[in-house]
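Input: a single structure, listed below in structure tokens.
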Amino acid sequence: MPKHYRPAGKKKEGNAARYMTRSQALKSLQVNLSLFRRLCIVKGVFPREPKKKVKGNHHTYYHVKDISFLQHEPLLEKFREIRTYQKKVLKAKAKKNEELARLLLTRQPTYKLDRLIRERYPTFIDALRDLDDCLTMVHLFAVLPASDRENLEVKRVHNCRRLSHEWQAYISRTHALRKVFVSVKGIYYQAELEGQKITWLTPHAIQQVFTNDVDFSVLLTFLEFYETLLAFINFKLYHSLNVKYPPILDSRLEALAADLYALSRYIDASSRGMTVEPKSDASSSSQSNDREESELRLAQLQHQLPSSEPGALMHIVADNNKEVEEDEETRVCKSLFKDLKFFLSREVPRESLLFVLPAFGGMVSWEGEGAPFKEDDESITHHIIDKPSAGHMYLSREYVQPQWIYDCVNARIILPTEKYMVGSIPPPHLSPFVDNEAEGYVPDYAETIKRLQAAARNDVLPLPGVGKEDLEDPQNLLYAGVMSRAEEAEAARNKKKMAELEKQYHEELKMELRGSAVDVAPVVEEVGEGEESVPDAANTQTAQDTSDMPTLLMSRKKRKLYEAMKKGQKKKSEAVEALEQRKKRLNAGQQ
């Protein structure tokens, strides 16, 4: 009898009972492939990889429990109902009954994904952990053009744009942005909320083109779920600031495509208990002044503040709207561009800078209507421009390229602007997501930024030839501080020489332990080269066998993993060596 023989009618066991193919799942659910994909996406069911594929390697497998989970989903019945109703509409159109078709379309059944959001994400932290792909997808469709061929409606694009701006306005208001990196694919952002690091990609503000190798029906299904998820998260975040959601924006600023600035104004005004009104005439400004005076009187009665104290109302507003205790990173980000005013030219990425600069405490304006302040404002400290301008140049401000903003954000200090002047080639834009120490290669500009950060913190960096252990001793630190450059070089040479002598001493001790006497060294020198190579070859073979011994004792799985790690380390070292060689060639060409 064969080993794996199973009599007819006996219950299945093993992988044959735990997994089923996609065709079996379609047959069990009685749906077509497109509806099955849609249901799997909104429910979070994905294919599995069993250790033993019973039906063959060319099939897609799903867990039986996942398919049973889909079979009891109420949304499945709703999809079947919608499909049946669409057949009625098509039948009415086929009979040339346009009035009946129009009436049926107005009564078409709809569905919501709110229950699935609460089901897949029981806590708010779970939703934040799964927000990276959601934000990237929403920001992508916010810049895509509407297309009838891909079933992408204008309403869908506007909704994505609104959700993305609401998210950016909250991140900018709470100073939760941490890293920014501009790449060829787009602009990478990283924010920190509730202890969770959220990273997303925003496309560049250029005309996007649809490609034929992407199935947009699948992407639109993902987008449908992500829109609902981001709306839930924005609702929760805005209510944490005591701000009504969805926000009601200034129609004038919306018409001028200043949605992000309008959202910032709405959040600030709503958190202070005020309403946003467009600045149209003097009567509205007088009404706002009267409102502030009445609030100040009420605060004086409630908190017994002296009437002569300046800014009393603002102190009360700050106390009432004080959120959770800010950590050190948030305080640093909040005060990075404090008391600095920026003006943006037309050619710079306006939406990105309107998001980044207020997130780090800066005041920003732009060229166009609805801007907070004009270009001729004397209090502007930095003018962000990307190409030489033929207009009027103000001596009271600095003209820098947009890269200076992103590099200052990643370095957490105000960098010197000499290398970022208009018309000059800026320094390399380093990625904050790469650990240079772990990669084994530290760029020159990274070392420069490190020294500037140490100078900003008033830290003492070690001198050449002086290690961290020397800095721990105050006498050594004092001695290193008064040494001249010649003495520093001499100390470095002596330290290197002592290290070589110590290494040679340890090697001689190892030779003595192996049984080779030190006295035979002159005798070995008199022997010919052919005779001398015999013990060296034996020692080399012994050392190689000793190094291979741990590998031989490993299991096959661990040995394969070890070899893969060795290959990765070798590849990393080759990449670092290639970068070093490239740097040497560039330095030689410049000289």
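Placement of Cβ uses the backbone N, Cα and C atoms for every residue, glycine included.
In TrEMBL, annotation is done automatically, which means it is predicted and not curated.
Between the stretches 36-63, 316-343, 484-511, TrEMBL puts its coiled coil entry on 484-511. Helix, strand and coil content of the compositional bias 'Basic and acidic residues' (561-581), in residues and according to DSSP, is 21 helix, 0 strand, 0 coil. Taking H, G and I as helix, E and B as strand and the rest as coil, DSSP gives the domain 'BRCT' (332-422) the counts 25 helix, 15 strand, 51 coil.
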